[in-house]
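To keep things clear, I will list the structure first and then write my remarks on it.
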Amino acid sequence: MTANGYLPLFETKPAKGRNALKLFSLTILLSIFLIWLYRLMYIPRKGEAGRYAWIGMFISEVFFGLYWIMTQTVRWNVVHRYPFKDRLSSRYEDGLPGVDIFVCTADPILEPPSMVMNTVLSVMAYNYPPEKLSVYLSDDGCSELTFYALLEASKFSKYWIPFCKKFAVEPSSPEAYFNLNIDLQDPVFALEWGTIKKLYEDMKTRIVSAVEKGRLSDEIKGQHKGFSEWNSKVTNKDHQSIVQILIEGWNSNAVDIDGNPLPTLIYVSRQKKPQYAHNFKAGALNALIRVSSEISNAPIILNVDCDMYSNDRDAIRNALCFFMDEKQGQQISYVQYPQSYENITNNDLYSNAGLVSFKIELAGFDGYGTMPYIGTGCFHRRDILCGRKYFENCKVEWNVVKDKIKGRTIKELEEASKLVANCSYENGSQWGKEMGLVYGCLAEDMVTGLAIQCRGWKPVYYHPAKRAFRGVAPTTLDQHLVQFSRWTQGMFQIFLSKYCPLIYGHGKIKFGAQLGYCMYLLWAPVSLPTIYYVIIPALCLLHGVPLFPKVCALISLRLHVGLKIDTKGSSKKLR
Ligand SMILES: O=c1ccn([C@@H]2O[C@H](COP(=O)(O)OP(=O)(O)O[C@H]3O[C@H](CO)[C@@H](O)[C@H](O)[C@H]3O)[C@@H](O)[C@H]2O)c(=O)[nH]1
Ligand SMILES: [Mn+2]
């Protein structure tokens, strides 16, 4: 506690062992210099075998060395964050801000609606006042099957949410939860557990069989007015905006089986027309920002991919500790949680778990007051995502929510939302440039995060031992290649664009963070020296052309290098 009695809502501590790591890095740096020196001093003369292979090796090693320096910058300043959610509750329980949660899906075949519904249900069951929570499902596949699944989930949520609250159920994704081995010794709990499990399995069977059939019966279509939106002309690439409010959390009739309020639940499929670029996920999120501003307009937005369910029911409260801290909170633009995958092990062949990135590198970015936005599991402040610039002492009002709902019928709200989800709405506007997620890049998250930091904001990385979001990562080579080629292309695109961190970030973010960004953005080109290093030395070995010093020569290398410097290059070649 400080002298004036202020108790922070979070603390930041440097990681242990930073000095030991720095010392270790310096020894490697020295070795790198020695390698460069060795390559330069013993270049084969014109006409000698292996001259060009040697020069190629030198260029690759220079690239590796520089790249290594970039990787080090984000290891030097690793920090860890510790929020205090009990302090948040005791100070702000009655004044907690609204939170809008965006779940994105794009294809009912690749992203099965039953999986998407698990994500939706998991975020509906947060330990947070339901009247302050609104969940928006964005369906870029514009599929009535997804809409049907959401309708089913809305009914099941009336049972699931009270069950989660009553028994502090975690994870709050029903599929993940029912896969656990639960202790059923308490008969009261066992009975409820059995009932809810049966309800869940019945719902899942209905959704899966509808998806297998690929269409819905007339009986199902009669269940909700929303199905009338899907006429014969609707395709996933060409359709009108669809906004359907399935649970109006502000209505006193929207209650669970125990009579407690439910979070708001809304289906959104923004308009698509072949002549308009839809800008993929960035376009979907920007449409969601506008639609939600017509309805709940919460100051905090959480976005999750449809395959990343919530694994910690307190994740919102932890994130709010950063935003709402009275002294350090006002400059915080977003709080990023890591991604974690349940379908791969630490020994995963493709290193998909990203252990080094999530445990060290991102925490190292945080040490510079920066943090890449990685697209999912991220809490944003709405005003900042919409383009606001930082200025000193800019105060945030957490409870000033434009009350657009009052006095408007559901139909009016839906119609107003559809207008802002139309393709033409963005014409001539700053959306995709200065406002919302940035367009034109395959890695929209990276570039958007960078732009926000360059407007003066300081994001936070929070990676608690208990994973806040869990999902699935690609496991086959072809899926992996598709994902990696998209990421690497997208990131290299940023490096070559006006957003190159070395230029765009100059003077706005710390130099270490600029280099850290480059480490990711140069992922694609670093493959070239790697391929060279894999192929050329092997070929040279077969042809008897040595590219590396012999082991015994290595021992005398230091001696020779010293000698060579002394005699200004007149010593005999060491090969
Ligand atoms: O036109 C589109 C395309 C995708 N999505 C959704 O965007 C998310 C991510 O897309 P996916 O194809 O699964 O990409 P990943 O490579 O798995 O996603 C990672 O990389 C993306 C950037 O390339 C980030 O946006 C993601 O958050 C991050 O998880 C999914 O929920 C999709 O449903 C849309 O809503 N509309
Ligand atoms: Mn994905």
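Every residue gets a Cβ built from N, Cα and C, even glycine.
Remember, it's a predicted structure, so these values are computed and weren't measured experimentally.
Annotated in TrEMBL:
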type	residues	note
ACT_SITE	D140	active site
ACT_SITE	D445	active site
BINDING	E111, D140	UDP-alpha-D-glucose binding site
BINDING	K281, D305	Mn(2+) binding site
TRANSMEM	20-40	transmembrane segment
TRANSMEM	52-70	transmembrane segment
TRANSMEM	520-542	transmembrane segment
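Where TrEMBL records a feature, it is marked here on the structure.
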residue : record                           : Cβ contacts under 8 Å, 6 or more apart
E111    : UDP-alpha-D-glucose binding site : T105, G141, C306, D307
D140    : active site                      : C104, T105, A106, D107, N236, S269, R270, K272, H278, F280, K281, A284
D305    : Mn(2+) binding site              : V103, C104, T119, G375, T376, G471
D445    : active site                      : P372, Y373, I374, G375, C378, L437
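When secondary structure is read from DSSP and collapsed to three states, D305 (Mn(2+) binding site) falls in the strand class.
Ligand 2 lies under 6 Å from the Cβ of the following recorded positions, listed in sequence order from E111, D140, K281, D305, D445: D305. Note on K281 (Mn(2+) binding site): other Cβ atoms within 10 Å of its Cβ, all shown chains, come to 19.
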